[in-house]
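A.B. asks: This is the structure I want to talk about, given as structure tokens.
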């Protein structure tokens, strides 16, 4: 019997030590719950109707309970908590049933995973209880518990049914717990291996340094996944560690991706976006990778890293991924061709992955690693090493944790053990950190919270109960009921527990009032034990000596505990060994309803002896040992070897880790083996970074490796050494080679792109360079080229050299064999028998000896010189010479230096000092002769790249690309390859793959470079965007936190500038602002608004009204109220022509076809180009509103503040950018609903009845308008006793003395008696007492610290609220009585307003109506704040004041300068600047206007200086104003001009300045336009024209404000002025040119008399083309401008002026003047073609009149001569008659076609100018249309005539061929000249295009002249070709001139060149034409007079005899 009893006790003990875990706790709170959906709290619902569960709601003593009746069948819906992942879970379901109706053997059924459980019950009649539930409901209560079967279904949950529909019940306190077993154990009585009773698969304990997972697998390191990091008893268990950073890239998140930067492969640059779908982050190919910069402020020694990778496509052998930290290798995974290998990383998951994008055959790999890192700031790099282009990887997850270090720990000294906790945390004996206070089941010992079971090494719990909701299935067997009372155990005879709101207790309500219980335990050898428990009494437990709680230990003395309101903590120690422990407890209460006893936090801790010890006095020693096998069992560390530790679990010695000499356990070392060093408790290799450990020693890696696994296998390369890893080898990047035993890769020769050593010239590939080739292993220039060291390119050799090393003739290395040359040293000389001619060609010597050809002689060996083909006498040559046909030629290469040789080194190596027996040294050698010592020193800084120099920029400037003759990159670059950066592994920097430069990485939290800020978001106007300050345009002062001050017209609200509506200032975001809030007055809420009677509203002005109203002065007025205006008064105001709608004298809309000119208030006719544009737009796609760039019907880019909706193809305004755009009504930069503006539309609160422009006008019942927000808020319900309502503030307040404690009152006793405990609503005691809650405590009586003597209890007791925590009586003491903070009544809590509370008593989520602030919950409203102007306060302490007030000493004061208008302030503009409209005392400034707290100085207009043009060195500038201006009364225009003082800044008296008014300035408002001319006297570089205003108020705007500036200035181009000497030269040239023009005029006159019309045409053509070059739109020198003035005589207008009949003057009053460009208008050219057509018409009219008149006159003269008879007269008379007759005959035979052609050719420039000016600058009025029509018609006719005149066939007759060519030539001449003019006009805006087109036209014309030379005389052909070639050069100089527009001195030089070329053309043309005129006269003079006289008589006779024959003779 005793044995069975002991066996039962042993099983009971095992069960007590089982690891029970609660997975569900529900329906246990004391509150009402209102459930409206199936997802409400606790997860219950109606199973049949799928509707919410029904909760009981009590009006008093609320209790949470679920109603179970015929309509309500409930089910626990929380599927995840009821089915733990462990399949061996042994679950227990417990629940209380409150039977609220009569039950007669009725049942409740519980269905669970197809298992049906049934509980039956019969109630008493009547029901037993009426108190203890709620609202006096009668009930009986029973507790049921069910052991749930094992199930593999994770979605299994219990369903509760009532079988009898008339029954009713309530369910409370539903809890589910389970017993967790060892992995793969099916049934157990504890969590350990030895506790298992039934196995699925039998396992032994894992080997040393291995731990078992839940699936039974033993692994070396527990995974980071799911925070299962800790190994406890070699089982992986949950462990809370710190997660510093996580990038979950499964769902792309821009903010997460911003932290990652790309590592580029310099040999495979790929700039594709790797941060887009479908890949998580990738794909990375070749040696690409990614890195992240991390800054951890804590001092962990071990970090844990979790990485998930996807291998894309098939992984090639030797490919994988490596991990680096701060450029140090830490681990890798790679594929060796058969399987994946893992180095220093742990594989956690390996599986196939679905196809993603172009990636197929994918592999998912999850890894983790634990890294010993001492740096707090490091860069983590993941880099691939793939050999195939289609293979790669992408990143899925990255997590950085504190590894083996627990949560809230900042420094660990060994695994899982914290050495230093974070501030505010206590260090706990299990290595964790506890916040604020120690855990409940611990003691504070030596500043460490020590758990009860860790007080000694061998302490263990015997009992651990009643600390949470956990209930074990053996609980009723633990306590033995010795004496039962009928009033006890009302929940069931085997139910010994009840519930509190946060845990179960033994006994308690409905359970225990008078019964006696006992416990008996049999214990193993121990030296002591400790018993901890708390006693809880019912609320009405009698405070009497007869009523108490008693306990006895080991049948000892009875200990009594009297009633206490608070739980009583009991700690009993048993210091003697007793194999049996007996405990008896009994309650002496009255009833189980409110006078009961309870036991909580019940712990029995046994302090055992060492293993195998039978008797001991402490845990360190043993008095009596058990018998054991000492060869197996070890009980002392001393019994183990030095490299072993004692395993307390198995009492055996285990080996330390291999790297340890001595250790503490299987992981933590004490001392290390050689080559290892101890870091905290871990031994790590002490090898250098470039060493590896072979098991014995640290050996050096190969010199190429940075880190290695063996001497031949690298695992990491030094990037700064320009090496990369491939197949375990560190190879050099292209452009570098490996020089044995040198870590740094050496640069290849500058011509090599790849080389392989052993020298830098062993090239494998060459750089890309013209004429550079790879010849075997050498990069060299092609034959005929050499490499120039300075220009770094292949340049051509001398013509004599086939190969060379320089460009000179004496730098040859080989000669052209075809040129008959041989190499002599470095000279290619003609071979014997040939000589050099002047063209450097070898010519064969003549056969006959000629002394002139000295090189044709040869020198024989005897020194005699003979002819080359003669034979030399026989001769024997001395040593060093070779006998060639008895000539002694030196032998180069025999090491003998003879006379003709400079040196002889016996080899053909170049640049070794001697080559071809001539001195030849490298470029860096300063001297090359016999004294030169090679190698010459490579002098860095000499500008020559030589030796191993990579560059040489001749300076010592760092970071300019070349430093110390090495190509360098930025200092932030960590891998520089020939000046191009490929890695930027520097904090805050990232590589730009396009520029190969390191740029700032914006968004990484590090301020570097030019970054101005870092705000870690993508908001544009919050102060920082793209790491640059970014605010609204309306912001005046922008800082990193946003805008701090705004421009005038805006108000700062929450760091954003809002336009102020009603300040009479129109700013951005406002249509108008009339300074009031009156509706229908044209402007309301800063939006145009007309009256309701208005039909059409334009800018607030009504245009048309409804019937009965008429628009009058912009408003709708009743027709009966419109004043009657006399007829004659109606038309007094000015009528605006073509205006459709006029309001108050201002035109609002023009008639169709006219455009409104707002500046001049006139309607202008639409221009031609605008008409064409409208016609074109008719066929173009419709424009998309707010679209900036549109292609066809698709918008590409929207305007600023708009975004493109790609689905609707519309530009939508960006809501939330702070700017009201498009259809937006408002902008408040937030997404708060019902705050006045939501989604950029006005919106009021839901309780608002009438809402206007976001402000509520009328609220619903029980709500009022808040004066600060203009929104409706609910009326405060002041229903609590002692609360009173304040209508002004809508808040509740208290009244001291009303007997109710409310708000900030401490007490209220309804009287004013002092020292009675409460006075004026504050606690008050007698002097000398410490008053706590109105009770007096004496401090004189000696009590321990934290205890006080109470006169009430006459004992020392702790006082809650003194700030001192006295355990176990107090859990906490924060020194206050705040009920909703973390400590209330000295009990830990989160606060009554907290919804979600953390285990550390931090509030994580507040209840509705409260907001979380510093882990506390505060009400949204301000109803509890009585401090004036305080917005948010707590316990009568103000936390935040209203806007405009500043908190100081718990009071809110107004502050001037904060931008908020309050109290007596007249204004407040947000600053303390005087004179800006609002001064520093918040009063208005002078001359300012303030409305609605917006002040503005009277707006001033701003003067503007604009450069207009330059003409003959005079610069013209315009002075304008930004608004209309007028003179003040009594001031004239001249007075205003006198107030303007112009000068050249710092250069007085260097220019003449003249003011010209373009408009009359009067006292009427108008736009002032003034022209200022500046004529320079001397050259001034970049002068500044300064304008000072003597009287700023003389000219004012419409507000009466003058300008604010004292002066303005403009920088002008350097003066275009000639110096004195140049002016003299220019004057002489102009005079000379005048003479030339006069001579030309005389020549034209002579030619016309002599009938040589071609000369006239050529002269006119040359002068016109030279003159019209002035129309090229390029700034020219003033000398050239003046030179052009001498040609003005050639213009047609000057010809008419000469005749006194210029049509320009006559037609000024007839046709309009159309403006074009100033340069054309200076020549009095009118773009109106009607005017120009009159000029052309007049020319032809004069011609026809002259032609027919001349024909008639000559006919009459010939007729008179015909009437003469033959006579002999004197010679003179005969000569005169002969000349007259010849002239008349010539005139008579002239056809009209030829003179028309000649005139057209002479007038073609004028015709082209007039025509194309009309087409280019014509207006769209009637004259313009008519002129354009005429111009086009004439141009079209001319082109048709020219085409018709041209011949496109080739005649057979030569004469016809010539005639055809002449016709074609005429057509080409005309077209060439018209093209020239068209280029000048139509491309006037682009001077370079002008010039280039003219150059092309001139070139074609030169070619035409060359072809046409057969039709002209040789002299004419030469003249034309030379003239046009010089004009071609002139155009080229114009092109050069266009590049020096800002350098007048260069323009003047170019001008002199052009003048000289023009003068040459004129002079040459004039000379040739004069020769052509004089030459026939000279020929006639040579004829004899006799012959001439005879012929003359004969001719006269013949003429008289037969005039017709004479005419035929003349025409022959």
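Cβ coordinates come from backbone N, Cα and C, glycine included.
So TrEMBL has the following annotated:
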- 404-434: domain 'EGF-like' (DOMAIN)
- 652-684: domain 'EGF-like' (DOMAIN)
- 707-746: domain 'EGF-like' (DOMAIN)
- 751-795: domain 'EGF-like' (DOMAIN)
- 803-843: domain 'EGF-like' (DOMAIN)
- 964-999: domain 'EGF-like' (DOMAIN)
- 1026-1058: domain 'EGF-like' (DOMAIN)
- 1382-1418: domain 'EGF-like' (DOMAIN)
- 1-18: signal peptide (SIGNAL)
- 1733-1750: transmembrane segment (TRANSMEM)
- 1783-1805: transmembrane segment (TRANSMEM)
- 1825-1844: transmembrane segment (TRANSMEM)
- 1865-1883: transmembrane segment (TRANSMEM)
- 1889-1906: transmembrane segment (TRANSMEM)
- 1918-1936: transmembrane segment (TRANSMEM)
- 1948-1971: transmembrane segment (TRANSMEM)
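Burial and contacts for the listed features, if you can.
C.D. replies: For the domain 'EGF-like' (404-434), the model gives a mean pLDDT of 87.
DSSP places the residues of the domain 'EGF-like' (707-746) in helix, strand and coil in these numbers: 3 helix, 19 strand, 18 coil.
Helix first, then strand, then coil: DSSP counts for the domain 'EGF-like' (751-795) stand at 0 helix, 23 strand, 22 coil.
Counting residues 6+ beyond its ends, the domain 'EGF-like' (803-843) has Cβ neighbours under 8 Å at 783-784, 786, 788, 795-797, 853, 855-856, 858, 868-869, 902, 910-911, 915-918, 920 in the same chain.
Outside the domain 'EGF-like' (964-999) by six or more residues, the chain places 261-266, 269-271, 291, 293, 295, 327, 377, 379, 381, 719-720, 722, 733, 735-736, 747, 938, 940-941, 945, 949-952, 956, 958, 1006-1009, 1011 with a CB less than 8 A from a CB of the stretch.
Listed by sequence, the residues of this chain that lie at least six past the ends of the domain 'EGF-like' (1026-1058) yet keep a Cβ under 8 A from its Cβ atoms are 1000, 1002-1003, 1011-1015, 1020, 1065-1068, 1218-1219, 1229, 1459, 1469-1471, 1476-1477, 1493-1497.
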A.B. asks: Below 8 Å between Cβ atoms, which of the listed ranges 1825-1844, 1918-1936, 1948-1971 makes the most pairs with the transmembrane segment (1889-1906)?
C.D. replies: 1918-1936
A.B. asks: With DSSP helix as H/G/I and strand as E/B, how many residues of the domain 'EGF-like' (404-434) fall in helix, strand and coil?
C.D. replies: 0 helix, 20 strand, 11 coil
A.B. asks: Could you give the number of helix, strand and coil residues in the domain 'EGF-like' (803-843) as assigned by DSSP?
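C.D. replies: Breakdown, helix to coil: 3 helix, 19 strand, 19 coil.
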A.B. asks: With a Cβ cut-off under 8 Å, give me the same-chain residues at least six positions beyond the ends of the transmembrane segment (1825-1844) that come close to it.
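C.D. replies: Cβ under 8 Å, 6 or more out: 1168, 1728-1730, 1733, 1807, 1810-1811, 1814-1815, 1818, 1866-1867, 1870-1871.
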